[in-house]
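Asks: Pulled the feature table from Swiss-Prot, pasting it below:
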ACT_SITE  Cys204  active site, for beta-ketoacyl synthase activity
ACT_SITE  His339  active site, for beta-ketoacyl synthase activity
ACT_SITE  His379  active site, for beta-ketoacyl synthase activity
ACT_SITE  Ser653  active site, for malonyltransferase activity
ACT_SITE  His958  active site, proton acceptor
ACT_SITE  Asp1123  active site, proton donor
COMPBIAS  1-14  compositional bias 'Polar residues'
DOMAIN    926-1202  domain 'PKS/mFAS DH'
REGION    1-21  region 'Disordered'
REGION    926-1045  region 'N-terminal hotdog fold'
REGION    1403-1450  region '2-oxoacyl reductase'
Amino acid sequence: MHSAATSTYPSGKTSPAPVGTPGTEYSEYEFSNDVAVVGMACRVAGGNHNPELLWQSLLSQKSAMGEIPPMRWEPYYRRDARNEKFLKNTTSRGYFLDRLEDFDCQFFGISPKEAEQMDPQQRVSLEVASEALEDAGIPAKSLSGSDTAVFWGVNSDDYSKLVLEDLPNVEAWMGIGTAYCGVPNRISYHLNLMGPSTAVDAACASSLVAIHHGVQAIRLGESKVAIVGGVNALCGPGLTRVLDKAGAISSDGSCKSFDDDAHGYARGEGAGALVLKSLHRALLDHDNVLAVIKGSAVCQDGKTNGIMAPNSVAQQLAANNALSAANIDPHTVRYVEAHATSTPLGDPTEISAIASVYGADRPADDPCYIGSIKPNIGHLEAGAGVMGFIKAVLAIQKGVLPPQANLTKLNSRIDWKTAGVKVVQEATPWPESDPIRRAGVCSYGYGGTVSHAVIEEFSPILQPDPLGNGAVSGPGLLLLSGPQEKRLALQAKTLRDWMTAEGKDHNLSDILTTLATRRDHHDYRAALVVDDYRDAEQVLQSLANGVDHTFTTQSRVLGSDISKDVVWVFSGHGAQWPDMGKQLIHNPVFFAAIQPLDELIQAEIGLSPIELLRTGDFESSDRVQILTYVMQIGLSALLQSNGITPQAVIGHSVGEIAASVVAGALSPAEGALIVTRRALLYRQVMGKGGMILVNLPSAETEEILGSRSDLVVAIDSSPSSCVVAGDKELVAETAEALKARGVKTFTVKSDIAFHSPTLNGLVDPLRDVLAETLSPVSPNVKLYSTALADPRGQDLRDVEYWAGNMVNRVRLTSAVKAAVEDGYRLFLEVSTHPVVSHSINETLMDAGMEDFAVIPTLLRKKPTEKHILHSIAQLHCRGAEVNWAAQMPGRWATGVPTTTWMHKPIWRKIETAPLHTGLTHDVEKHTLLGQRIPVPGTDTYVYTTRLDNDTKPFPGSHPLHGTEIVPAAGLINTFLKGTGGQMLQNVVLRVPVAINAPRSVQVVVQQDQVKVVSRLIPSEPSQLDDDASWVTHTTAYWDRKVAGSEDRIDFAAVKSRLVTKLADNFSIDYLDKVGVSAMGFPWAVTEHYRNDKEMLARVDVNPAISGDAPLPWDSSSWAPVLDAATSVGSTIFPTPALRMPAQIERVEVFTSQDPPKISWLYVQEASDSVPTSHVSVVSEAGEVLAKFTAMRFSEIEGTPGVSGSMESLVHQIAWPPATPAEEPLSIETVILVSPDATTRALYAASLPTRVNSFQFSSTQEFFSNASSLPLEKGTVVTYIPGEVASLAEVPAASESFTWNLLELIKFTVNGSLPIKVFTLTANIGEGQTPTALAQSPLYGLARVIASEHPDLGTLIDVEEPVIPLSTMRYIQGADIIRINDGIARTSRFRSLPRNKLLPASEGPRLLPRPEGTYLITGGLGVLGLEVADFLVEKGARRLLLISRRALPPRRTWDQVSEDLQPTIAKIRLLESRGASVHVLPLDITKPDAVEQLTTALDRLSLPSVQGVVHAAGVLDNELVMQTTRDAFNRVLAPKIAGALALHEVFPPKSVDFFVMFSSCGNLVGFTGQASYGSGNAFLDTLATHRARLGDAAVSFQWTSWRGLGMGASTDFINAELESKGITDVTRDEAFAAWQHLAKYDMDHGVVLRSRAFEDGEPIPVSILNDIAVRRVGTVSNTSPAAAGSSDAVPTSGPELKAYLDEKIRGCVAKVLQMTAEDVDSKAALADLGVDSVMTVTLRRQLQLTLKIAVPPTLTWSHPTVSHLAVWFAEKLAK
């Protein structure tokens, strides 16, 4: 066994010490500027995946040139048919990695979904940088948080172009995923490095410049370690074609440096990495110094005869500068690694420069050798410099100059005879005449960057190991690990293969040291106890083959949220066995620990413990007691010498003595005196007593024993067992009696009744013999007592303590429980055989623990030293910290294999197609006509396109049952334009063309028929079925020409029949009522007449465009007017219903001119069995331009809540009675916290006497007294905010109330307290008083708290100051409860109440009048400007826009910055439409805002303000537990102070309307919106307050506006909305909602839609229950799977855990786009690659799968699959 000690063993052997022990200072290097290369890695063409393989390739003069892998250019062949011709003429040969796409994303915790959005250069650089660190022997985790620098050469953006040009599929992660900076930044991010992290683009000089930057960072003290390198990946043909055009590329795809046939370079790919340190630091750290960088330099070649032309003078300058920095004579440099790109101009120029610097004046027989790596591996461009550098380092290390590849004849344009340089043409030993090996490295960029470095060997060599090959001092530990379990076998195989081949000459001790001290220890670990080299090979083979081995441990560390600290448990009597110490007394550490005790004990009783251990003669109880202590002291020393230390200690019986010593409470000598003198006393009672282990809890056993004192429970072992002690015969009788009852008992090997009254007679003698011998102190390690009633008691271990320890019960259960409560989960039983491990296991399981370990130190009759290592191995594999350097202080082996990657191909599948406009349809033409493809040999042709939300061929919104569909007008326009026909017959609209998912669409024209077909585009192209998935949507027959229409409409005659003049918006309102909330096109009716069977409507297809201004779409499109025709045509029927066109007998177009902007629709109801109409499109001159004949409609069954109706969009908040729970909440104690003493007293007086209560005047007073309160299950903290007398006090009071509640929540969550927190408010819902206004933000805050921390508590809005105990107990799971009329109620969204509908005579309330002024706060914000636009559209002519920012003077508007241009443009547009726009710079939240606003209104002299819109707001999302007071107030102020300022300036009834912009986020509990939700809840209550005073005040509780404002749709917001069960709205839908609410006498309107839920999917927030709809069926009342189904859910136990684990892993896998097998149940989801957007998606997936509502913070509080499984199991149990 390894040992840190160097003292002599009893056998006389000594342990080896490494050369360069910690005492060595290396003072001669302390002030050196030298930088050491301590690690190196590479991956280049030819399978050269490490420097050693590369070296062999160099010696063999191999060239890795080959054809480019076909997949690289495949997308370009598909993109455009023309590309094939050009690609055939593009150089396709070069030096390529075999599988560039391979990446081990799981190792780095990156999901496949994110990985495919990462440039392969980032991926390969991550792996190669990791390999370099392993080669350096630097555990990556040891650099976490350090100033380590990363500099990386990179200048290829092929992958970026490939993925970013696929515009429809661009995703958020592609930005950093394809950026140059992403390469070094990704390395820094993964390793958590805080030093410089920079991408270097200096073209082909990039990576040598990166090395230079790394050297400088170390020399300047910026970083202690630098990871430097370069990478190149060739993913596309573009740059290769450029270089072909420039003549830079070799036509045969190979590099021929220095050869006469050199005619261009060949591109190569790969990566190289170096790890750098200062030489002094490297030596202190005992690093393997591969080479020393003496000097480096970078310069630019200035203005040459072309930016890409090489410059010999600049190359000489760089070399001379590097030599100068190194202070080295160029003649001492034996080898120069040249850039040598194989170009006709470049090679001679470079040789000239090298010759001038290194070859000048050299003797012919002493040349400077030169070479270049490029013919071997190609020109890696940005990675070229580092690869040349690596070659130079290898040559220095090996002492051999490798021969040049691809060299047939030296370049005749170079005068080699006088150059003083010589190309290495065969492997050449480094000349022994050189006192030190030195080399130069050149690298140049085609933009003019020139770089050079000078390196040399490091001469001190480590001495050979005195133990010789394969020897090891006793057994040792071989450690392996990986982020996933499956890696362990692979790592074992890799190491075993290496040990039997190239590693066979390495010392096993060095290998073990390397794996323990120079490698990371990941979460999955294997630890193998091995005897020698051969044994190590065999055990590794067993692990690789999945075969168990006695001394092999394999497990995962405890969960990330579980403490890895270790509790040492020293057990008592019963662990002894004869040979337990025979081996150990020969261990120097063990021997040194017990030898002083041996002398003391011999002096006390005349016996030598060491001799007893040698002979095994210690059967008597007195000797067992002494030797138990001695062994535990020796084992403790041995464990500590092997790097294990206790973080807490428990002693059991006699084990309490050693426990006290190890904890520092006693000295070893004091412990020896206690155990020895007590053992002498025990001789008086030996043979008289007995003990049995009873398989019953101690309480039950005591009941059986009764009150007798001669037979007692001596040890409370666990919740299910105890030990009984007493007279020997009585114990035997009791055992028999218990067996008769069916109770199992086991005899304890003891003849003394320890811890029983039979020892009472020994107490005083023990006091006497220990008197004045002990000087106990407080322990320095946490020490739990098993002798005291309180296991955490801090009593000194004095004489009285040991008197009690001898006779009192051993309370092991309580001690272990206390340790568990304090967070400990790892227990090490320090004994010679496990005595209490089983009991500890039982206690842990009884406490509900699942992830824990109880580990024995030794086992009876097992090799002791091996088993001690085995116990350390088990601790290590469960995550305990081990100081491996203490156990393995020797040298380390530099050749041990690095990580074996588990690669999977990851490559973004690009949806490529021709780039010309024919690929996809032109949305502005309102058709689905994409690329036209004729079918050869037929008269059939097909238009093919892709349809999704971004390519919908209409400008508006056209939802049906919550799903966007293409309007019928768009399909008809498609047929007309696609056929060129003027007539369609028998148009059958079969299935709507939905846009809810991407689909391929084809318009097929065949003879006289035309149809639209489509199929969904699957996420994986392999899932595409060529035929089966096509759906036919619409069909028709067509004719190219139609006879011109002679029909004309006599408007006067028609109007004379149409006696009823309708409101202009009749059809819009009709459609709105039946569920059509939005139009696909922006037409409007400006005149409308009807009778029973006819209609005449004047239609403007775009009223926003005035005069002759061009339309915003293709002017030839008939779709807008046809959409008006189909829509108005459906409103002629007397009974409103949701209808859509199903069949049209004939569609005719009678003109070849563009359709007019304004036309008339003449509609006639037809006589038919189904609703049918004829519609003519008529010019203003009365000419019939187009006609629908017999347009038949089918009635669509409306689905409440998901159709496009206003009823599904605008809701009220209703308060139906709450449903009580069956099981009430237990409330035993109520803690009242309120700043208002009177209110607090009133509430307290309402409590029944059976409930304990405590009162505090502030949260701080409560916190100060918390330690003395029963903060346990059954306790509720009730926060009661105070009263407020005036509106002036409201802002400050609101801030105080919300922060007090936040403090209470943080205190509860941070303390993991099982209490509930209730908030009681005073009639907020009525909104009548300043108190209600001040407390109202708590409404919003409470809902967000309930969302982030479910089941923590509830806000109850009460009518009277009475604690609503019944409500608190029985109304569970609600976020807000309102008590009205004594009834507890919870909130639900419901349709607007009909009794609130205003009489038609009153007209809408919330619309402007031309004569008034309309004020908008946040007026220059996106939403503020949209409101301004809407108000102008509805007639407003004077706007006052209030904003914190001012606009520049109008004269400078044409020169404003880009960010202001949209604002200026919008204001100019408003003014062009006749509005007068005034901008007032004013912070409405400031104390003087009222005065400033009033003064400004007087100054401006505008007509009186008739309407106010408060749209100002600030959003700063933070989780409840992370929010700060300042950040919270920053969001609250614009909402509260701003609204109150407006309230004061414009009191109730002084304006026509007072509109406030709130959010639905506080109603559904948007995660992170505690502050925003609080502010909006205030606005909601202020609206109620004003409305009760007779004001037209409304709070709009908006969902997200699509693409606009603070809630603008993003991937995260969309996912959050989806998870809450709601959708966003368009701008038009929002203002349609405004107009709809204007018809009602309401003080609020919730504007959102419920999405359609899957069958059985839980409703995520209960407030949606009444408006939520399902696609199929209704909510299932069963648990996640129907009873009796094949997927029935197990009810409990391991089966349920396995079921949930499988289901949850499946959900995670679906989100991450990986297999379920690759999801580690115990890995943090963040480590698997789950980001913030994916977290929301995962919640939805879990809800769909397990049919249980998931709170937003679940994955934060339960960060692994295992944690989630526990949570779901608890929910299922309920």
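Each residue, glycine too, has its Cβ placed from N, Cα and C.
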Asks: Given the active-site residues His339, His379, Ser653, His958, Asp1123, tell me which ones have a C-alpha lying within 10 Å of the C-alpha of Cys204 (active site, for beta-ketoacyl synthase activity).
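Replies: Near Cys204 (active site, for beta-ketoacyl synthase activity), where near means Cα within 10 Å, the active-site residues are His339, His379.
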Asks: Of these active-site residues, His339, His379, His958, which scores lowest on Cβ atoms within 10 Å?
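Replies: Least crowded of the active-site residues His339, His379, His958, by Cβ count within 10 Å, is His958.
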Asks: Would you mind reading off the Cα separation of the residue listed as 'active site, proton acceptor' from Asp1123 (active site, proton donor), to the nearest angstrom?
Replies: 11
Asks: Cα distance, His379 (active site, for beta-ketoacyl synthase activity) to the residue listed as 'active site, for malonyltransferase activity', nearest Å?
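Replies: Here the two Cα atoms lie 73 Å apart.
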Asks: If I restrict to non-local contacts, at least six residues apart, and a C-beta distance under 8 angstroms, what lies near Asp1123 (active site, proton donor) in its own chain?
Replies: Phe954, Pro967, Ala968, Ala969, Gly970, Met1079, Gly1080, Phe1081, Trp1083
Asks: Taking the Cβ of the residue listed as 'active site, for malonyltransferase activity' as centre, how many other Cβ atoms lie within 10 Å?
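Replies: Other Cβ atoms found within 10 Å: 27.
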Asks: In terms of DSSP three-state secondary structure, what is the assignment for His339 (active site, for beta-ketoacyl synthase activity)?
Replies: coil
Asks: With helix taken as DSSP H, G or I, strand as E or B and everything else coil, how many residues of the region 'N-terminal hotdog fold' (926-1045) land in each class?
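Replies: Breakdown, helix to coil: 18 helix, 49 strand, 53 coil.
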Asks: What count of other C-beta atoms do you get within 10 angstroms of the C-beta of Cys204 (active site, for beta-ketoacyl synthase activity), across all chains shown?
Replies: 27
Asks: Whole-number Å distance between the CA of His379 (active site, for beta-ketoacyl synthase activity) and the CA of His339 (active site, for beta-ketoacyl synthase activity)?
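Replies: If we compare the Cα positions of His379 (active site, for beta-ketoacyl synthase activity) and His339 (active site, for beta-ketoacyl synthase activity), the gap is 9 Å.
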Asks: Provide the three-state DSSP residue tally for the region '2-oxoacyl reductase' (1403-1450): helix first, then strand, then coil.
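Replies: Within the region '2-oxoacyl reductase' (1403-1450) the tally stands at 13 helix, 11 strand, 24 coil.
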Asks: Going by DSSP, give the three-state secondary structure for the residue listed as 'active site, proton donor'.
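Replies: SS state of the residue listed as 'active site, proton donor' = helix.
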